[in-house]
Amino acid sequence: MEPDRKPLKDIGGRHLNDDQALTGRDSYAIFELISADYLLLLLSRFAAWRPLGRVLSPFWRILSIYWYIGSATHKGLAILRQLLVRLIGHLYAPCTADALRRFGYRLWVVRRWHVAATALMGIGIAHGLAQQLLQMRSPAHRERRRLLRAMRLASTYKEWSEAATCLDELERSMMSGCKLEEARRQELRLYDAGLLEQHRRQLQQVRADGDVHQMMFALRADLLRNLGNMANSRLHKHCPVVPAPITRYIDEVAECLEAIAGHDGPDLKPDEKLAFLRETRHTFGRTALVLSGGGSLGAFHLGTVKALLEHGLLPRVLAGSSVGSIISSLIATRTDEELRHLFDNMGSLDLSFFNNNSPGQLFAHLVTKGSLQDVGVLQHRLKGLIGDLTFQEAYERTGRILNVCVCAADTNEPPRLLNYLTAPHALIWSAVAASSAFPLLFHPAELLARNSKGELVPYMGNMGIASHEEGGQRQRSRRWLDGSLEQDLPMRGLSEMFNVNYFLVSQANPHVVPILYLKSKVNTAVAEVVESEWKHRCSQLQALLPADCFPYKLLTLVSQTWEGDVTVVLPLEHCHIGKAIVNPTRDGLLDAIRAGERQTWAKLAAIQCNCCVEATLDRCLNEAAAAERQRRAEHSALGAALQCQPASARLATLGSLYTRRMMGRIPSWLVLSAASGEPAKPCEGRTPDSAADRSAAPQQASGSAEAADSEADQPEPDHGTPGAGADDPLLGLPCGAPVLMPELPRQSPARPKGLPFGSQEDAEEFWSRLFPVACATQLEGRDIEALDLIAP
């Protein structure tokens, strides 16, 4: 019999049956076990999470702050949006005042935003007037206006420079300390002053040591025109005065170059010095003056040229289109003395290229002839100003490189850049007339050239040579249009052909001058973004249009490059489009020239800064070339004197002389084989440079010093690539031409032709004494002409 059990009750006091009681006891036991394990687990977790929580506490706080900021920002933006919507609705609502509602007319209603905008404009105008009144009473601003007026009325660069210097000092004194510091930081962001100072100290230390080879190595290692971004055009727009670090660096480079050019020690041979200067000038690059179009407004270019000429900064490379080609041709066909005489008598210069000047004449000629002006009158005037000179003849006369850009009128081809390399026999006046033939202003013009017989023939035609007719049709003539339609500033062609990397631009186009004026008045970054976006959209439209349609050419005209590294812009008050298609008056011509001078004076400091090293290189190179010509003359006299000496004495003298010349340094690209392009294999005991030295033998051994001097005296153009047509005054060959001894037929003439040797045996004895026995095999079987070519 089971013992009595007390009935179990739940928490509410209710009785439980046996099944429920049993289940409750089991659950209670299980709960006791689970509770113990769970408590242990919680305690272990709490012991582990406590140090982890301390580590993660900063991160949780950061996340909570970000969450709070995000939610707050979202709420704030929502509130701001509601406020803006209410404000727009409030401003767009009509005015309730009867006095303002009366200004409405029919459908136009005076709204509140009209009143607000008018009020803001009135406040701005009032503030500007108040500032002007205060400035009028300020002594500093009165002095500023006086200096600006003195700069506008200056007749010489000295007067203008004094006024500009005083104005710069005055404006700096009027600026607060914060503005001065901000201006200094902005200036330092435009170029690397620390890099320039580091290189200046390095060059100064090397020059103080007196090691000429170290100076040459240091200059060739890092002599760049734009080192440290010092040639940045934005820098010189921002700074009217060249910063001191740039000036100090340029002065130090000039002193190092002069020290190398003036070094006469035995450790530096004349050939090596001259080669160094030529190579350095080639790597440094050239400066070119590019003149834009603009019709009669292009008389402004004469002022730019005059200012550059007076300060010795007129580049030898000149280019232009339209009226820019006219001014360039006037400059490139005259020497410096003739140019000074021209500018002294500028009042007598006739630039009347138009035969119609009134609106009635222009309209009548347009209706009857199809153009506003007569191209025949233009050609006649140009021929009187320039003469029948070709590009080659002008280059040989003045040493200046004239480039004229023309566009094809009847054929589908890219524009051409005419110069003494691409069109040596073309007449300049015909090329300039074609480059000035703007559509509707002039009819397209033909190019003329002088053939081998001295006759004037159409250029790019049969050139006066009899040719058969193909298909019963004669060869059609080719006409040319204004080069400014596609290449107003042909800077890319100049870079490729003449190694030009610094461009001086004179801009007088009536559709470009207002844009550049507005660009100078707004933020530089914003102006560049707008300009690049405009040109990008124009290029996109051009991609959708055929290349021979008028809109395509119009887009090309308005989306070209407008500026160079230094840009001299026609003043806005002189930019009248009506004056572009009529002849300039005498007073208008003189005013345009004075305006061009003053605008160039403002850029003269930047031009002098960036062209100083180039001018120093040219001067040093000319001095070294003159010394080399003198040395060659002495060698020619020595060769004539050796004719009277015995063969043994002649061999000893020439051998010692040639041994010294073998040490000359010639660029490595001058010793390449003509056939294979592989480097020459020098003989044992002989340097590769000696082959280049031997190629100059026909000039030296002939005793003709005058021919060598006349060749070396010719102006030496810089070309974008070696071998573009320049004559090397040392080698007597085109630059880059192979100078190694060619393979000649193995036959022996009866007598030597160029050497002061009595026989072939004397010549072979001379070369065997100069070179080791290993080279003797190369002389076997060669005739005397080959020996003459490689003789010293």
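The backbone N, Cα and C atoms fix where each Cβ goes, glycine too.
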137-142, 293-298, 719-724 - the one TrEMBL records as motif 'GXGXXG': 293-298
Motif 'GXSXG' range according to TrEMBL, out of 185-189, 210-214, 320-324, 535-539: 320-324
Around the Cβ of SER322 (active site, nucleophile), the count of other Cβ atoms that are within 10 Å: 29
Nonlocal residues around ASP482 (active site, proton acceptor), in sequence order (Cβ under 8 Å, 6 or more apart): GLY293, SER321, SER322, VAL406, CYS407, SER435, SER436, ALA437, PHE438, PRO439
DSSP helix/strand/coil residue counts for the motif 'GXGXXG' (293-298): 4 helix, 0 strand, 2 coil
Average model confidence [pLDDT] within the motif 'GXSXG' (320-324): 91
